[in-house]
Each structure stands twice: as C-alpha cells, then as structure tokens.
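Accompanying notes for the structure given below.
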Amino acid sequence: MSALKDILYKVALQSVSGDTAVEVAALAFDSRKVGANTAFIATRGTQADGHDYIEQAIEKGAVAIICEQLPENLNTSITYVQVKDSSEALGIMASNFFGNPSAKLKLVGVTGTNGKTTCVSLLFQLFKQLGYNVGLLSTVVNKINDEIIVATHTTPDAIQMNELMAKMVAKGCSHCFMEVSSHALVQHRVSGLTFQGAVFTNLSHDHLDYHKTFDEYIKAKKMLFDGLPSSAFALTNIDDKRGAVMLQNTKASKYRYALKTMADFKAKILSNTLQGLELDIEGHNVWFKLIGDFNAYNLMAVYGAAILLEEESADVLQALSDLNPAPGRFEQVLTDTGITAIVDYAHTPDALENVLSTIKVFRSGNEKVITVVGCGGNRDTTKRPEMAKIACELSDKVVLTSDNPRFEEPMAIIEDMQKGVSPSNYRKTLVMADRREAIKTACSMAEPNDIILVAGKGHETYQDVKGVKSDFDDRKVLKDMLNLIHK
Ligand SMILES: CC(=O)N[C@H]1[C@@H](OP(=O)(O)OP(=O)(O)OC[C@H]2O[C@@H](n3ccc(=O)[nH]c3=O)[C@H](O)[C@@H]2O)O[C@H](CO)[C@@H](O)[C@@H]1O[C@H](C)C(=O)N[C@@H](C)C(=O)N[C@H](CCC(=O)O)C(=O)O
Ligand SMILES: Nc1ncnc2c1ncn2[C@@H]1O[C@H](COP(=O)(O)OP(=O)(O)OP(=O)(O)O)[C@@H](O)[C@H]1O
Ligand SMILES: N[C@H](CCC[C@H](N)C(=O)O)C(=O)O
Ligand SMILES: [Mg+2]
C-alpha cells in the first residue's frame with residue numbers, strides 16, 4: 001500500500017477533490033481490472049474513453065480517480081485528481097508505485113522502424129555473456145535472466161512494464177534492454193522511466209494508420225531522445241536520413257554509428273554471405289553469425305551501446321561474434337531438399353527490400369527466388385501495394401497471401417497489395433489467401449538450389465482471424481511442406 005500523494009509525485013495536477021493521503025493497493029487503467037483500494041486512471045484511447053468507465057471502477061472498489069475531466073457528480077468517499085494528460089500521469093504513477101525501478105537499472109531503450117528486436121535481443125545476450133543479470137522487454141519475449149514472461153506488445157503498458165522492472169531489480173538485474181515502439185511513446189507508456197541510454201535504428205514507412213503522417217511518426221520516435229536526462233547517452237544511426245533529427249533537442253551526450261559516414265562507431269563490411277557477416281570494426285576483423293548488410297547496422301548499434309555502457313571493446317567484440325539472431329529474423333529452415341528456405345519478420349517495405357536485396361547478393365546462378373508475403377489487417381494500408389511491388393521486383397515468383405487479417409477480409413487486403421503489381425509483373429504473382437496453401441504452392445514451385453522467402457510473421461506462432469488466434473508457425477509449415485513435397 002502507498003499513499004496516493006506519494007504515487008502522484010511529479011505528476012502535474014490541475015485540481016484535487018478528497019483526501020490524497022488515501023492508501024492505494026493497486027493501479028488500473030482498465031475498469032475491468034479494478035479491485036479493492038485501486039486508483040483508476042481514466043485515459044482516452046482509440047476505441048473507448050476511460051472516463052466512461054469511472055462509475056464502473058468505483059463500483060468495483062476504486063478509492064481514487066485520476067482523470068482529465070471530472071464527472072458531474074462527485075462521490076464524497078472517493079478522491080478525484082484532475083490532470084492535463086492522464087496517459088502521462090499513468091506513466092509517472094506506475095513508476096512511483098513500483099519504487100522507480102528503472103532508476104535502479106541501467107535501462108537502454110531502442111527505437112526505430114526496423115531492427116529493435118534484433119538489437120535488444122543481442123544486447124540481452126551480450127550482457128548475459130559478459131556476466132551480468134539482465135532484463136529484456138521485446139516483441140518476441142520478455143525475460144528476467146532465464147525466466148520467460150510472455151510478451152503481448154513490443155512495449156508493455158506502464159503498469160506491467162514497471163512491475164516487470166521491479167522484479168528485475170529484485171532478481172539482481174543491473175541492466176535492462178527494451179524496445180520502445182512509437183505507439184508506446186505517443187501513449188506515454190514510458191513516461192516516468194529513467195533511461196541510461198537510447199538508440200535509434202532507422203526510420204521508414206510503417207504505422208501511418210495510427211500516426212497519420214510521416215512527420216508525426218518521426219516526432220513520436222524523437223520523443224524518446226527529447227526526454228533523456230543529461231546523464232544519458234543518445235546513440236543514432238547517422239547514415240539514416242532521420243538519424244540526425246533524433247539528436248536535435250536532446251540533453252543527453254550525442255553519439256553516432258555508421259557504415260558510410262564519419263562516426264563515433266564505424267564499421268566496414270568485408271564479406272556478407274549466407275554463413276554470416278565479416279566486419280572491420282575499428283581495425284579489428286570480426287565474424288558474426290547474423291546475415292545481411294542491414295544487420296551490420298544492428299551490430300554497430302549494439303557495439304556502440306555496449307561501449308557507452310563502459311564495457312571493454314575486445315570483450316564486447318569477442319562475445320558479440322558468438323551471438324545468434326533473434327528468432328524469426330532471417331531464420332533458415334534446414335532440410336535436405338537442397339532448397340534454401342528463409343523465414344523473416346519483414347513486415348514493412350524497407351525490411352522486405354533489405355531482405356530480398358540480401359538474398360539477391362547470395363544468388364550465384366539462375367536459381368529462382370520465390371517469395372510468400374501478406375500484410376496485416378487493421379494496420380497501415382499504404383504499405384500494402386509497396387510491399388507487393390518490392391516482392392515482385394526482387395523475386396521470380398510471388399505468392400500473395402494473408403498475414404493476421406484481424407478484422408479485415410483477407411481478399412480485400414490482397415486486392416490492396418495487387419495495386420502495387422505492375423502489368424508486366426502480373427505473370428509472376430499467384431494469389432492464395434490461405435497461408436498454408438500459399439507456402440505449399442511456393443514449395444511445389446521450388447527446385448533444388450532455389451530460395452524461398454516466407455516474410456512477415458517471423459517468430460509468430462499464430463494467425464489472428466477476427467480476434468481468434470489459431471496455431472500457425474511459418475517455420476514449421478515451411479519445413480513440413482518441403483519435406484512432404486520433396487521427400
Ligand atoms: C492502438 C493502440 O496502441 N492501443 C493500445 C492502447 O489502447 P487504447 O488506449 O487505444 O484502448 P481503448 O480500447 O481505446 O480504451 C481506452 C481506455 O478505456 C479503458 N476501458 C475500456 C473498456 C472498458 O470496459 N473499461 C475501460 O476502462 C481502457 O483500459 C483504456 O484505458 O493502450 C492499451 C494499453 O496500453 C494497449 O493494450 C492497446 O494496444 C492494442 C491492443 C494494440 O494492438 N496495439 C498495437 C498497435 C501496439 O501498441 N503496437 C506496438 C508496436 C508497434 C510497432 O511494431 O512498432 C507495441 O508497442 O506493441
Ligand atoms: N537495421 C535494419 N534495417 C532495416 N531492416 C532491418 C533491420 N534490422 C532488421 N530488419 C528487417 O526488419 C525485420 C524486423 O526486424 P526486428 O524484429 O529486429 O525489428 P523491430 O523494429 O523489432 O520490428 P517491430 O516494430 O515489429 O517490433 C527483420 O526481420 C528484417 O527483415
Ligand atoms: N508490431 C507490428 C508487427 C506486424 C507483424 C505482422 N505479422 C502483422 O501482424 O501485421 C504491428 O503490430 O504492426
Ligand atoms: Mg520488435
């Protein structure tokens with residue numbers, strides 16, 4: 001139990017009605033999760049307005065209400081606190097309630113369109129290898145050392161996140177590496193956290209359904225850097241067009257990594273094969289298990305962050321060279337069919353282009369590249385034609401299919417994708433809305449030495465149709481189909 005006034009420390013208050021010494025046992029922003037002695041924070045969302053659930057929260061045991069607009073009739077046994085922005089208040093309150101765990105950790109946040117999961121997963125593995133107790137918050141999984149906690153979001157909500165960080169502190173973690181999504185920044189899920197550093201990977205087309213314009217999307221990412229304290233570091237990819245923007249208004253110490261430009265951390269690609277990458281980093285030749293040019297950027301982001309966290313360069317390079325990519329990121333499905341089969345989480349135009357360009361580099365003769373790809377429902381619609389266009393331009397055959405249709409009609413999504421297919425590329429494409437059938441078709445078209453890329457779902461183990469998630473793992477389906485057809 002904590003007194004409400006302590007939990008409100010640093011929250012900008014507009015008005016208070018009732019006793020702020022009231023003891024609070026839990027925080028909730030969802031009225032359905034309110035229990036006895038809870039402080040309910042009413043936030044405005046995309047589907048609903050928490051202010052409409054204040055009565056329900058009181059019926060379920062709320063003793064305090066934090067809101068932007070006070071209800072007309074106040075209940076005299078309840079404390080009401082009016083704030084300007086309740087999502088921001090929620091972030092700060094969650095930190096206070098759990099004892100500001102982020103300040104007791106070396107917390108590094110990674111943001112950008114692509115590469116977040118790859119970077120945090122490498123940082124987590126690296127620091128464990130260097131002997132630390134470490135926490136991880138990522139799209140694929142949350143972890144406290146070896147303990148696995150299922151991830152539902154790329155960045156959890158403020159309450160769940162601070163609770164997890166408090167557990168990390170209790171389990172002796174010194175570091176935590178987390179992905180910070182643009183949704184989390186705009187929704188203030190990370191307000192109240194104390195970051196030791198922030199890393200920017202890159203910025204390209206995604207989530208315009210939510211942020212509306214590219215400028216708003218850039219601003220969202222920049223919020224992470226604008227909020228850093230002067231004791232933190234801000235590390236950016238200066239080869240990216242938006243890399244410099246991230247550093248414009250930060251109080252933190254500024255650092256840059258690059259492959260092409262002058263930078264604090266600079267690498268050169270010596271070789272790039274299906275076996276891995278060889279880089280020259282500050283005069284050292286180092287071999288890594290990750291595949292594709294774009295991973296050289298991820299490796300430099302990780303290397304730079306580790307050095308800024310005061311690790312020794314030689315130790316970092318040696319440990320990094322042993323590490324594996326995150327699951328479902330350029331993951332090869334091994335069979336003895338002679339066909340190269342790759343599953344990758346490329347779900348943006350930029351990621352798809354990078355992965356297919358990487359695959360092109362590995363082609364030695366006239367082997368075919370067959371791509372299976374779909375676009376998620378209830379997500380950015382503008383990326384659909386672009387992804388289909390890129391798939392066609394960089395592959396010999398393309399099977400357009402479904403990827404988590406959610407509440408949209410699968411064929412309507414595919415029709416959006418087809419708008420990006422030029423008439424000269426029509427003959428390359430096939431439409432197969434059922435993803436299993438699409439993968440099966442790709443496998444039957446493939447001959448030994450050909451390359452199949454199944455893009456978009458990576459590590460995911462489900463297909464989400466109308467809110468129901470049924471088992472589906474690209475890696476498993478691809479392996480089964482290859483073995484079935486080419487036995
Ligand atoms: C669009 C979006 O981001 N929505 C997130 C947001 O929900 P919301 O505020 O819009 O919720 P809402 O349904 O409109 O409800 C408004 C408020 O009323 C409350 N309410 C509602 C109903 C009720 O009966 N009682 C009640 O109190 C809700 O608890 C909420 O506080 O805040 C919730 C709590 O943090 C999130 O779970 C939810 O994620 C949804 C499920 C989601 O799909 N989010 C995705 C898009 C997302 O966040 N993705 C990013 C990664 C993106 C990337 O790849 O970069 C992520 O970080 O995972
Ligand atoms: N640095 C990079 N630049 C461009 N593309 C990349 C980069 N790193 C990874 N990718 C591509 O993007 C895909 C997603 O990578 P990753 O999961 O690391 O990104 P993410 O930022 O965590 O994505 P999400 O927003 O879904 O959480 C990979 O499967 C790969 O195709
Ligand atoms: N974090 C991204 C993941 C997209 C993955 C893709 N498989 C899809 O479901 O659209 C999102 O929520 O938009
Ligand atoms: Mg991720």
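In case you wondered, yes, glycine gets a Cβ from its N, Cα and C as well.
Positions annotated as domain 'Mur ligase N-terminal catalytic' by TrEMBL: 26-97. Counting residue by residue with DSSP, the domain 'Mur ligase N-terminal catalytic' (26-97) contains 25 helix, 20 strand, 27 coil.
For 110-306, the entry in TrEMBL reads domain 'Mur ligase central'.
Taking all protein chains in view, 24 other C-beta atoms sit within 10 angstroms of the C-beta of Asn114 (ATP binding site). Feature annotation from TrEMBL assigns ATP binding site to Gly112, Thr113, Asn114, Gly115, Lys116, Thr117, Thr118.
Lys221 (N6-carboxylysine) falls within a helix when secondary structure is assigned with DSSP. The Cβ of Lys221 (N6-carboxylysine) lies under 8 Å from the Cβ of Thr111, Gly112, Ser182, Leu185, Phe200, Leu203, Arg242, Met246, each of these being in the same chain and 6 or more residues away along the sequence. The annotation N6-carboxylysine is assigned in TrEMBL to Lys221.
Mean per-residue pLDDT, taken over the domain 'Mur ligase C-terminal' (328-458), amounts to 96. The feature domain 'Mur ligase C-terminal' is assigned by TrEMBL to 328-458.
According to DSSP, Pro405 (meso-2,6-diaminopimelate binding site) is assigned to coil rather than to any helix or strand. A sphere of 10 angstroms centred on the C-beta of Pro405 (meso-2,6-diaminopimelate binding site) encloses 23 other C-beta atoms. Sequence annotations record features per position, and here TrEMBL assigns meso-2,6-diaminopimelate binding site to Arg379, Asp403, Asn404, Pro405, Arg406, Gly456, Glu460.
Per TrEMBL, motif 'Meso-diaminopimelate recognition motif' is recorded for 403-406.
In terms of DSSP helix, strand and coil, the domain 'Mur ligase C-terminal' (328-458) has 52 helix, 30 strand, 49 coil. Outside the motif 'Meso-diaminopimelate recognition motif' (403-406) by six or more residues, the chain places 347, 373-379, 413, 435, 456-457, 460, 463-467 with a CB less than 8 A from a CB of the stretch. For the pair formed by Pro405 (meso-2,6-diaminopimelate binding site) and Thr118 (ATP binding site), distance between Cα atoms is given as 25 Å, rounded to the nearest Å.
In this structure the C-alpha atoms belonging to Thr113 (ATP binding site) and Arg406 (meso-2,6-diaminopimelate binding site) are separated by 21 Å. Of all Cβ atoms in the protein chains displayed, 19 besides its own lie within 10 Å of the Cβ of Arg379 (meso-2,6-diaminopimelate binding site). The binding-site residues near ligand 4, defined by a Cβ under 6 Å from one of its atoms, are Lys116, Thr117, chosen from Lys116, Thr117, Asn404, Glu460.
Ligand 2 lies under 6 Å from the Cβ of Gly115, Lys116, out of the binding-site residues Gly115, Lys116, Arg379, Glu460. Remark: Asn404 (meso-2,6-diaminopimelate binding site) has Gly376, Gly377, Lys457, Glu460, Gln463, Asp464, Val465 as non-local neighbours, by Cβ distance under 8 Å and separation of at least 6 in sequence.
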